[in-house]
Structure formats: structure tokens, C-alpha cells
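Copied from TrEMBL, the annotated features are:
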COMPBIAS  1-21  compositional bias 'Polar residues'
DOMAIN    61-160  domain 'MaoC-like'
REGION    1-27  region 'Disordered'
Amino acid sequence: PLDSHSPSRIPPNSSEPNTLSGKKKEAAGMRLARAAPLLVRTAATAATADLAAALKAGDALRSRPRRFTEDDVAAYAGVSGDRNPVHLDDAFARGAGGFQSGRVVHGMLVASLFPALIASHFPGAVYASQSLKFSAPVYVGDEVVAQVQALQIKAAGARHIVKFATKCFTDDEETLAIDGEAIAFLPTLKLCTEAIE
């Protein structure tokens, strides 16, 4: 079982780790440990962490590893209507698609891990926007880990507007597959300890 109250460290990679200029952190500086807690604290936020596990700028949440199967890709193709053969036909993906390892998972299916991760820890969260850069393909059967890191938090009445850095990693969490930013409205900053992923 993962303990969401245990602080851990993200190696510092810039002089401003909790600002927008700190978003240039690369996968090498954000390596993730499999047994690490769901809530990751930076050195700055670990010092002020309380037992209620309230989200602070610089904190990161990560998902458990997820493997997308052939059935997942087929179901997404059916629901979305995206039947591009690079997702469904291995020979086409290798040949015309140029993907040496075969079929690739729909990028938007992989990116769906971000709102799922946020909502599982903050029930009632409303996803407002997402920017994405697809840096490397995710192949059917690859293990993926998603991470969201709070960059900015602003109170808005009874809710909180949070800007997150969003990243997905493959290859034992060494390859950055998706990079981006999201904005979500959270009803609370208190981390749900009964998060289901």
C-alpha cells in the first residue's frame, strides 16, 4: 500500500522549482520510484508539510503504472471514432507509420491519465484546460506512469484554481512520452486518502 502522507523529494533542477520557469524539468530530473508515495514533496514543501496532506505548489502526484492493452486501444477507437491504422494494424504501424515497435496507443487515451489522477485525489475537481506535447510514442503493452505537479495555486471563492505540469513516462519511467500543462478547479486542497486508481 502506498502512503500519501510520507514526504519524498524531487531532485531540484532549477533555482525556481515552483514557478513556471521551472517547467523545463526533464524526465532525467524527475525519475520516479515505483514504491514512492502518491504525494511527492519538494525540499521546500516537505519542511511545511502537515498531516492533512494539503496540496502545495511544488507537490506532485503520480499514478500507479498502467499498461494499455489491445482491448483498451480498440475500445477507445470505437468510442472516439479514431480508427487510424497506426493504432489498430501492426504491419501498417511498422511500415507506413514508421513505428518500429508496432501499434501506438492513442495519445489522447494516454493523456486521459491526467484528469483521472487529479479527480481520484480531489473528488469534485473540474478539469478546465490541457496543453500537450507528444514527445515519444506509447506502444501497446508499454507501462506508463503519469505525474502532475502543482505549479501555481490560487484561491477562487470556495474553490482553488491549480495549474499543473503534466507528464507521462514509459520505459521504466525513463522516457518522457507526454509533456504539458493543465488547469483544474479543486473543491479543496486536502488530498483524498482513499484515492482509487
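For all residues, glycine too, the Cβ spot is worked out from N, Cα and C.
Curation plays no part in TrEMBL annotations; they are all automatic predictions.
Per-residue confidence over the domain 'MaoC-like' (61-160) averages 97 (mean pLDDT, predicted model). The residues of the domain 'MaoC-like' (61-160), classed with DSSP into helix (H, G, I), strand (E, B) and coil, number 34 helix, 31 strand, 35 coil.
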